[in-house]
């Protein structure tokens, strides 16, 4: 699919980023689809094969063995992927001093794999698991070794271990959420990339930034819920738009 944006739009946004001292990016599923992670709600998404209600936090507590079996069979294989040009472009913007932070709704850790340092993970990280009883945190790979079938158990207290990602109905990690809103308040340019801005409370971040005076840039292949609120809209795929934006930004900095 051809991207639908103009050179002038890219130049304007690149100039805005170059002049600003605090630029912040909020990223969603659309940033990782080019790496091979399907949109969970899309035609090829995981929720076509697995009832998403089985990943409600209440269902997990009542049926941890079943949920772990589903997690290992359907979710884990989807995340055996590598960063794509969108991740690398954002990491390079940070290296150039033109991106304060990435706030992500993704759990794949591809931003870190691409080299991003300051990443706020609103929905947790698939790399870890946590004990639901004592709160001890483990590498997911380690927890999987303890699992013969069903849910692994905490070696410290015997509690049920859960993947350290936010399940439906579960509150977001408060430290991450607090930092995300602080960054939104500080931002001079706030970019929402690869997200439809449908999920609360992450979709409040661009509103907070805009109300504090930031310019709002939306980069997405499809329309979003807050297009009407944006200062700039670049309609295209993140992996195609961001490298071009980075090229123009470099040209303005050097």
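In case you wondered, yes, glycine gets a Cβ from its N, Cα and C as well.
The feature domain 'Deacetylase sirtuin-type' is assigned by Swiss-Prot to 3-252, with sequence analysis given as support. Taken from Swiss-Prot, the feature NAD(+) binding site applies to 29, 33, 40, 41, 105, 107, 108, 123, 195, 196, 220. The nicotinamide binding site feature in Swiss-Prot is assigned to 40, 107, 108; the stated evidence is sequence analysis. The active site, proton acceptor annotation in Swiss-Prot covers 123 and is backed by sequence analysis. Positions annotated as Zn(2+) binding site by Swiss-Prot: 131, 134, 154, 157.
For residue 134 (Zn(2+) binding site), other Cβ atoms within 10 Å of its Cβ number 11. Between the alpha carbons (Cα) of residue 29 (NAD(+) binding site) and residue 107 (nicotinamide binding site) lies a span of roughly 9 Å. Within 8 A of the CB centroid of the Zn(2+) site residues 131, 134, 154, 157, the other residues of that chain are 132, 133, 135, 136, 155, 156, 158, 159, 161. Counting neighbouring Cβ atoms within 10 Å of each of the binding-site residues (105, 195, 220), the lowest count belongs to 105. When each of the binding-site residues 29, 107, 154, 157 is scored by how many other Cβ atoms sit within 10 Å of its Cβ, 157 comes out lowest. Close to the residue listed as 'active site, proton acceptor' in the fold, though at least 6 residues off in sequence, lie 104, 105, 106, 107, 165, 166, 172, each with a CB less than 8 Å from its CB. On a Cα basis, residue 108 (NAD(+) binding site) lies 20 Å away from residue 131 (Zn(2+) binding site). In sequence order, 29, 32, 37, 78, 79, 106, 123, 126, 165 are the same-chain residues whose CB sits within 8 A of the CB centroid of 40, 107, 108, the residues recorded for nicotinamide being left out. Around residue 108 (NAD(+) binding site), the C-beta neighbours below 8 angstroms that are at least 6 residues distant in the chain are 32, 35, 37, 79, 81, 126. Same-chain residues at least 6 positions away in sequence with a Cβ under 8 Å from that of residue 40 (NAD(+) binding site) are, in sequence order, 29, 46, 47, 52. Geometry remark: residue 195 (NAD(+) binding site) versus residue 134 (Zn(2+) binding site), CA distance 34 Å. When pLDDT is averaged over the domain 'Deacetylase sirtuin-type' (3-252), the result is 94.
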